Amino acid sequence: MEGASFGAGRAGGAIDPVDFLKQPQTLLRVTTWIFSIVVFGSIVNECYVNKDSLHPELLCIFNENESACSYGIAVGVIAFFGCIFFFVLDLYFQQISSVKDRKRAVLLDLGFSGFLAFLWFVAFCFLANQWQRTTLTRGFSQGADAARAAITFSFFSIIIWVVLALRALQRYRLGTDMSLFATEQFGTDPSASYPGYPGGSGVESTETYQSPPFTETLEPNPKGYQVPAY
């Protein structure tokens, strides 16, 4: 993109909502935002059940391990608000005029996306391990579908956050390459002279300009004029 910096156009450009919503990065953020709702919503609503009629208290369906449910809810909530924050940041990213601020925003996106991918990986392994150890009683079987949904969408969230981290890394490298290009073209020394425009072949021509020869010669005596004799 002409005049682009860290994957965005020139600062101050108009925001086109339709084009913004069609961007792959925007679609990925909306998708992982929905996945986070599915995970923590499923755990909160259906993964706290009664083991049986003899145990009226609500227990976490993942092997009765409260830490498993709490961790899944915490990661889902963090991803939920993180998606909203970076969605707004992407929307106003083109309005950021400072290249340093754009670089910080891209690095923040890269770090957060990588961190969330790690958290979702831990959540998937933790929930899947506890679910394998769960003894399905009559009460627990009612929330089995919600538990499987939480595990499944935790796995899908890993993939999407890894893709978002890779896209942020690509944007960072694009901005770094453009910075290197700028420093090569213009020297850092303020007293350095601007490079001259190179010639076509790089070889100076040795030919000198010569005026065309005179085609007429001056006659010593004009016609019809005689020199008087003294």
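Backbone N, Cα and C define each Cβ position, glycine as well.
Here's what TrEMBL has on this protein:
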type	residues	note
DOMAIN	20-173	domain 'MARVEL'
TRANSMEM	26-44	transmembrane segment
TRANSMEM	71-93	transmembrane segment
TRANSMEM	105-129	transmembrane segment
TRANSMEM	149-169	transmembrane segment
REGION	197-230	region 'Disordered'
COMPBIAS	203-214	compositional bias 'Polar residues'
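The stretch from 26-44, 71-93, 149-169 that makes the most Cβ contacts under 8 Å with the transmembrane segment (105-129) is 149-169. Same-chain neighbours of the transmembrane segment (71-93): 8, 15, 20, 23, 25-26, 29-30, 32-33, 35-37, 39-41, 43-44, 102, 105, 109, 112, 116, 119-120, 122-123, 126-127, 150, 154, 157, 161, counting only residues six or more beyond its ends whose CB sits under 8 Å from a CB of the stretch. Within the model, the domain 'MARVEL' (20-173) carries an average pLDDT of 91.
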